[in-house]
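Copied from Swiss-Prot, the annotated features are:
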- G107, T108, F141, D227, E228, I229, Q230, T285: pyridoxal 5'-phosphate binding site (BINDING)
- R144, T284: N(2)-acetyl-L-ornithine binding site (BINDING)
- K256: N6-(pyridoxal phosphate)lysine (MOD_RES)
Amino acid sequence: MSAVSESVLSLSRYYLPVYRPCQVVLVRGQGSRVWDEQGRDYLDLAAGIAVCCLGHCDPDLVAALVEQAGRLWHTSNVFYSEPSLRLAQELVDVSRFAERVFLCSSGTEANEAAIKLVRKWAAAQGRLPEHRTIVTFHGSFHGRTLAAVTATAQPKYQEGYEPLPGGFRYVDFNHIEALEAAMVGGDVAAVMLEPIQGEGGVMPVVSGYLAQVRALCDRYGALLVLDEIQCGMGRTGTLFAYWQEEVVPDIVTLAKGLGGGFPIGAMLAGPKVAEVMQFGAHGTTFGGNPMAAAVARVALRKLASVEIAANVQRQSVALRAGLEEISEAFGGVFTQVRGRGLMLGAVLAPLYAGQASAILEVAVEHGVLLLQAGPDVLRFVPALNVSDEELADGLVRLRAALGDYVSRFGG
């Protein structure tokens with residue numbers, strides 16, 4: 001490690017130690033490549049946790065940011081700004097269901113807004129507080145704030161934050177009978193789920209499941225809330241993942257790829273709930289920030305293009321095939337590659353169970369950046385415009401990394 005790296009990393013003692021970053025200082029990015037301060041390049045198949053959907057420093061996004069930065073940075077929602085109004089209109093137009101949009105700065109905020117909207121809607125329906133339950137799913141991830149982490153049905157994220165807010169109920173993912181059993185009492189106001197669980201192991205809904213959930217929501221008078229913070233914005237091959245299931249949600253939450261790397265979140269509200277929240281019912285200082293909205297407008301236009309959809313489909317096939325070939329080359333290091341589009345998870349074989357984090361460290365040594373989705377799954381969420389050459393290079397580096405790991409630790 002260079003003196004520059006050591007100097008920069010020494011500053012980490014001033015940061016609340018809630019993260020455990022890789023010991024690399026990244027200073028520049030272009031497309032699907034990033035460079036550290038020593039000039040070494042890395043092929044980025046993580047995209048800032050599915051955020052940089054158009055790669056690093058996309059010229060159109062940079063131009064939008066620079067132009068808006070020279071005009072107006074921030075107004076708050078005490079005043080209108082054109083970029084946020086235009087973005088809201090464009091999100092409504094492309095969503096195929098929404099009538100209104102709430103803009104915020106992160107996925108957690110979008111989910112908090114959705115949770116509050118559900119509760120407000122139930123109250124407006126005359127439902128007692130005990131009849132405003134929100135059902136979520138084991139393995140889910142909806143954010144880190146107190147309500148969102150309670151909606152996240154994973155104890156490891158909740159430990160030590162008790163007492164948690166009430167009014168949530170957990171059921172098994174992809175288990176329609178369990179969901180109906182949780183709803184039959186008539187106290188459920190909403191069902192909230194990810195079409196593909198990200199942190200839960202890159203686990204997609206089974207075919208037809210969302211339609212069954214929609215039917216149960218209609219039967220028992222509940223809203224359907226879809227968290228597309230990670231799987232939305234073109235990542236699965238369609239702009240919204242729910243399009244592939246042909247269901248109509250009541251609420252959809254977005255973030256990550258919506259800003260192409262600039263912080264922004266959004267909650268989209270359908271006709272049943274669009275007028276529930278009126279003046280003073282909710283708010284945010286930074287939501288709808290002109291710079292974030294200006295960038296998101298360009299990102300949305302590009303992510304909704306047929307070119308991006310076609311590239312996602314083509315590169316998904318190539319990535320899946322490459323992972324399966326690598327697995328076979330090393331005696332079946334993966335038992336399964338699952339997911340949709342460019343949101344794929346490679347499930348580690350029993351011999352390597354629990355070793356995802358260690359594999360990621362070796363991958364960095366070989367110049368490829370990955371993620372994990374739990375201890376047993378390697379997660380791949382590259383830029384949606386990743387090129388043939390970039391993806392091929394990433395697979396070459398991954399093959400070398402796994403070969404190194406297997407030889408060192410696989411026995």
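Heads up, the Cβ atoms here are built off N, Cα and C, so glycines get one too.
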- Note on the structure: Ordered by sequence, the long-range same-chain Cβ contacts of T285 (pyridoxal 5'-phosphate binding site) under 8 Å (at least 6 apart) are S76, N77
- Item | Largest tally of Cβ atoms lying within 10 Å of a Cβ, found at which of the recorded positions R144, K256 | K256
- Rounding to whole Å, the Cα atoms of F141 (pyridoxal 5'-phosphate binding site) and the residue listed as 'N6-(pyridoxal phosphate)lysine' are apart by 14
- Looking only at DSSP and grouping its letters into three states, which state does D227 (pyridoxal 5'-phosphate binding site) belong to? strand
- Message: Please identify, among the recorded positions R144, K256, T284, the one with the smallest Cα-Cα distance to D227 (pyridoxal 5'-phosphate binding site).
- Response: K256
- Task: Quick one: pull the CA-CA distance for T108 (pyridoxal 5'-phosphate binding site) versus K256 (N6-(pyridoxal phosphate)lysine), whole Å only.
- Result: 11
- Message: Spatial neighbours of I229 (pyridoxal 5'-phosphate binding site) among the recorded positions R144, K256, T284, defined as Cα within 10 A: which are they?
- Response: K256
- Item | Three-state secondary structure, which DSSP defines for T285 (pyridoxal 5'-phosphate binding site) | coil
